[in-house]
């Protein structure tokens, strides 16, 4: 009985995939992939440069930080929570790492940067699971605190990265011919997708998001699952920040100001519900790629960049309406 309820908590659990097939299980993700292709083709008719390999490389390079951050946000959203602090954690990580390197540390300063994510993720998890505060309130507070600290570290000044070897974290190649930023995205995608869909602990995330009370009755460690989700979200936000500063070799206190909205948008566009209980890593990655393609297209066509926020907001609205419509149809059936 326990396994049945946990299986029902996920949108496309393993048993359903086996029965209906891979295409049926990932039909939402396939639709998003198709939409991305259509977007690229549409922009390509206006700007042939959009179809070049160089532009595709730019899209993956620009999208990697958002992809990684979105995978972390996905874990929280599946459990029925929300993490508004990821953009500020992203910024603070960059500032702290840059300051540590300016103080004489080598690339090992990246560990201090990851420590920022660990600390803020633990604070979020503790306040949500132990103190019982609402995720929106908790992460709004840590969003403000981390954002403020990002300014305080250097009095709002940007910080250059003094060690050029730090660039290798992003653009080096642990595997010949494959840039690290692509490798990291692929590895995280595979690991998180397998964790969510094939491991018992991953199924707990869906169960908690579907009904925390029911999950608790089944003996699922609800608080531990939620705590892990917030820690993972902040750690991935920090890692995303490290990848960014290692590419541009500069840290800015406002670098992640727009990424929080984009990460949540990517998760929702990818098929996750803000009510919890559904979502896939594949969907989150495709959602992030769609946002990046839209931004890239806006720039290539020459549309005012200030419209990007409006386009992102519209994409969220459409995704939420589609999610609501699909749920109402399933309820009617």
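Counting starts with 1 at the first residue shown.
Cβ atoms are placed via backbone N, Cα and C, with glycine included.
For reference, Swiss-Prot has these:
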type	residues	note
TRANSMEM	30-50	transmembrane segment
TRANSMEM	62-82	transmembrane segment
TRANSMEM	84-104	transmembrane segment
TRANSMEM	110-130	transmembrane segment
TRANSMEM	133-153	transmembrane segment
TRANSMEM	175-195	transmembrane segment
TRANSMEM	228-248	transmembrane segment
TRANSMEM	253-273	transmembrane segment
TRANSMEM	274-294	transmembrane segment
TRANSMEM	300-320	transmembrane segment
- Note on the structure: Relative to the transmembrane segment (175-195), the stretch among 30-50, 62-82, 228-248, 300-320 with the most Cβ pairs under 8 Å is 62-82
- With pairs closer than 6 in sequence left out, are the transmembrane segment (133-153) and the transmembrane segment (300-320) joined by 3 or more CB pairs under 8 Å? no
- Item | Contact check, the transmembrane segment (30-50) vs the transmembrane segment (274-294), 3+ Cβ pairs under 8 Å, seq sep 6+ | yes
- Count the CB pairs under 8 A between the transmembrane segment (110-130) and each of 84-104, 228-248, 274-294, then give me the winner. 228-248
- Item | Most Cβ pairs under 8 Å with the transmembrane segment (274-294), selected from 62-82, 84-104, 228-248 | 62-82
